[in-house]
Structure formats: structure tokens, C-alpha cells
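What Swiss-Prot shows for this protein is this:
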{"type": "ACT_SITE", "residues": "165", "note": "active site, proton acceptor"}
{"type": "ACT_SITE", "residues": "284", "note": "active site, proton acceptor"}
{"type": "BINDING", "residues": "113, 163, 167, 285, 317, 369", "note": "substrate binding site"}
{"type": "BINDING", "residues": "191, 193, 194", "note": "Mg(2+) binding site"}
{"type": "MOD_RES", "residues": "4", "note": "N6,N6,N6-trimethyllysine"}
{"type": "MOD_RES", "residues": "191", "note": "N6-carboxylysine"}
{"type": "SITE", "residues": "324", "note": "site 'Transition state stabilizer'"}
């Protein structure tokens, strides 16, 4: 076959509607908005080509490989209801295109280059199907839901957390004091804010030492296991590992990482260290909204959540449905299931485009955090269930009597909701009543109820189905 130079349509090679997907293929669903005049088949094929083996012109070296074996294929196109110029393109990638155990390589291939493509007005990766063969090359979460419950000896209820505020400006000693008060009052965890790393007003080593002291003091006084998410995120991987090692030497149960700003390579290294050394790993998703908030361009958070489960983390922030940050109920529940369950059935109503089998990859606890307070407790308990972490920053530290009473109020509200649920009451309908009853015998809860009775964050969600 002679080499024929020149430019040819992508769809001739990369649009293959008759293709039967293999169980080893990585499948992707893209929401494509082409430029005017670009037909859907060509746009879908262009996405498949540019994110796999293709380039803009025929190249001589194509003859040296078996393209049929390695090319991505656009195998199905479906219209988007209510959007004229938009459609979902399904692309299948052969497994051999990806390095084993590397989320970094997977994302570089699938979303690395194609989003700047001129023939498209916008492009959004809605979902990925990770084949079992690829999932098995990842360690996944350091410990997972089951082991975490056993390590903490806490069962049958959501865990309670609190982000220490003001997030920047406290000295290490005062920071540790706030940690102690919250844990002593009844919380399971406190948390470094995502941007607390090692700043001039509080260097990381001082913070780690004072927080460890707070943890041990609170444990001794309450007889419960306590933790503080020590943020190990740093400017270099070496510095990050140094912080993780120091945390292990202090004997604390859990550390934390900002996985998107820190990067997947750093995150996976840290997750491996955590498993090898018995540390739990809390993951914060700082920067996610830059990537996932626009409906037409970027990546849906469910893809970032899947990537995190592969890279490794025991907790991850997943929206609240009821607080101050973005998160529609169905969509949020869609990726909460995706984080916790072994097998998720394809279901388009919460936006699940593919069935996903995680085989034996451990589950991740979803964390609800952001603008939530005691009045939200019944809804949160009902929406997230026992395998979750509910995090109240201002909702603890904003209590009129101080941090410890704020923690007491949250713990009482939670225990009341769990008890009511276990007695068969309907949390969605009777939620306010349950909180009111509990506040009769808890002055701390009564004071919290009074402060936050009118607070709501109500704006329409940006990302709808």
C-alpha cells in the first residue's frame, strides 16, 4: 500500500458505529458542542482521534503500527434533550493506550489535549467506565470505609468533623486549642483548611505538634478515638512526604491532601505511603469547581471522584445538597454511590452513563461540608447515611458559647437523628421536630438552633442534568 499524504476527515477512520465495545475498553461519554457547520460524526470522531492515535494529517509512520488495535473509536452519538447544537459522543479506548496504575497518564490521554480543539465550541467529559482489568492495577484508597470504622471503633452513625476557622492567621498554639475544644465537645475529627500548609504565622511542624497534643488530651478525657486532618500538601513531593513521615512519628491517625492542586502523581505516592504506614488519608477537592462547574465545558465531578478512588483517599468532599456550595441532590447522590459501592448500575437520572464495577477497590467516605448547621442534620443523616463524614466549620465554631458547646450541639443533634431514624421515624418529614425535642434537654443545642434558625443559601444550581 503506497503512502498517500494529505488531510482526510477524521470520521473515515475514527467514527465506527458498528463497533462492539470490549470489556477491557475504557469508555468515555463526552458532551460535545461543535462549531457551526461541523457535523456530529466528524466532531465525535475528532475527539476520539485527538485523544488517542490521531493527528491532523496522515503521517508516514502510521504504516509502522496497527492503528486498528490502538485507535480510540467514537462508537455512538446521541442527541441531548432540549439542546439543538449539542450531543453526547461515546468513545472507546483500547486498554493498551494507558500505563498501568497511573491516573495521571489516563487523564493526560483522555482529556489532555482535545479540550482546546478548534472544531469544538466546548467539550465536557461526563463519565468514564473504568474496566476491571484497569481498576485492578490500582491500589485505591489506603484503607477504605470498613477498615476506617474498625480503626476508629465507630459504627452505625455518620462521623462528625469541623474545619478550624479562621482558616488563616491563628498561631499553632491557639489552633491546637481550638482543635482540643472541638474534639472534647464530641466531634470525631477536626480539619486543617485546604490552604493551611506552612505559612509564616504557623509553620507546619508547630501545628502538627500542638494538634497531636490536642488529640491525645481529648482522647484521654472522652475515651473515644479522635483525629485531626493534618494537611501534608506542600510545594514539592519530597516536602509532602516529610510531613507525612512526621505525622506518622507523632502517632496520629489521619493526614490530609489537596489532590487536584497537589496533583495525581503526588496523591498516589501519598496514598501508598498511608497504606504502608497505617495512616488514614482525607482528600480535599480544592480547585474542582474550576474544572467541573460549567455545564458545557470541563469534566464532571463524578470523573474526578472516580479518579480519586483509583489514586487513593479514604475521605473526599462531595457537596452537601443543603449547604452553601454547589451540589444537586440526584447528581450528588450519583457520585456518592460511586465512591462507596462496589458496583454501580448505569442510571441516567443521576447522570451515571456507564455501569461501573470496582471489584475489590475499597470505598471512600463522602464528606459533606460547607455552610451546614444543626438544622440540616436530619436531611444530612437521611441523604448521606452512616458511611459519611458531616463537617461543620462555622456551624461548630460559630456557636454563641464557643467551640466545645458548638461541638456538643452537633453531636447531640446527630445522635438524636440517628436514634429517631433507628426507631423508624421519617427524618425528611419530622426533621425539625426531632431537633426541637432534642434541644429541650440540651441547652447547647437550643442555643445553636436559635442562632441559625433563619440561615439559608438558596441559589439555583449551575450544573443540572
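Every residue, even glycine, has its Cβ placed from backbone N, Cα and C.
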Calculate the distance in Å between the alpha carbons (Cα) of residue 167 (substrate binding site) and residue 284 (active site, proton acceptor), and round it to a whole number.
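So the Cα of residue 284 (active site, proton acceptor) lies 14 Å away from that of residue 167 (substrate binding site).
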Below 8 Å Cβ to Cβ and six or more residues apart, same chain only. Which residues does that give for residue 4 (N6,N6,N6-trimethyllysine)?
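Non-local contacts for residue 4 (N6,N6,N6-trimethyllysine): 58.
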In whole Å, note down how far the CA of residue 317 (substrate binding site) lies from the CA of residue 284 (active site, proton acceptor).
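That comes out at 6 Å between the alpha carbons.
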Return only the integer: C-alpha distance in Å from residue 163 (substrate binding site) to residue 191 (Mg(2+) binding site).
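So the Cα of residue 191 (Mg(2+) binding site) lies 4 Å away from that of residue 163 (substrate binding site).
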Check the Cα-Cα distances from residue 194 (Mg(2+) binding site) to the recorded positions 113, 165, 285, 317, 369 and tell me which is shortest.
285
Max CA to CA distance in Å over the substrate-binding set 113, 163, 167, 285, 317, 369?
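Farthest Cα pair among residues binding substrate: 36 Å.
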In Å, rounded, how far does the Cα of residue 369 (substrate binding site) sit from the Cα of residue 165 (active site, proton acceptor)?
13
Hey, of 113, 285, 317, which of those binding-site residues are within 10 Å of residue 165 (active site, proton acceptor), Cα to Cα?
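So the list reads none.
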Give the residue from the recorded positions 167, 284 that has the most other Cβ atoms within 10 Å of its Cβ, counting over every protein chain displayed.
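Checking each of 167, 284, the winner is 284.
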Name the residue among the recorded positions 165, 285, 317 whose Cβ has the smallest number of other Cβ atoms within 10 Å.
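Least crowded of the recorded positions 165, 285, 317, by Cβ count within 10 Å, is 165.
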Do me a favour and check the Cα-Cα span between residue 191 (Mg(2+) binding site) and residue 113 (substrate binding site); whole Å is fine.
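Residue 113 (substrate binding site) has its Cα 36 Å from the Cα of residue 191 (Mg(2+) binding site).
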Just the number: how many Å between the Cα atoms of residue 113 (substrate binding site) and residue 193 (Mg(2+) binding site)?
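Cα of residue 113 (substrate binding site) to Cα of residue 193 (Mg(2+) binding site) measures 32 Å after rounding.
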Within 8 Å of the Cβ centre of 191, 193, 194, which other residues of the chain have their Cβ, at the recorded Mg(2+) site?
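Other same-chain residues with Cβ inside the cutoff are 163, 164, 167, 192, 195, 196, 229, 231, 256, 284.
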Measuring Cα to Cα, tell me the gap between residue 317 (substrate binding site) and residue 193 (Mg(2+) binding site) in whole angstrom.
12
Long-range same-chain neighbours of residue 193 (Mg(2+) binding site), Cβ under 8 Å, sequence gap at least 6?
163, 164, 165, 167, 168, 231
When you measure from the Cβ of residue 163 (substrate binding site), how many other Cβ atoms are you left with inside 10 Å?
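Taking all protein chains shown, residue 163 (substrate binding site) has 24 Cβ neighbours within 10 Å.
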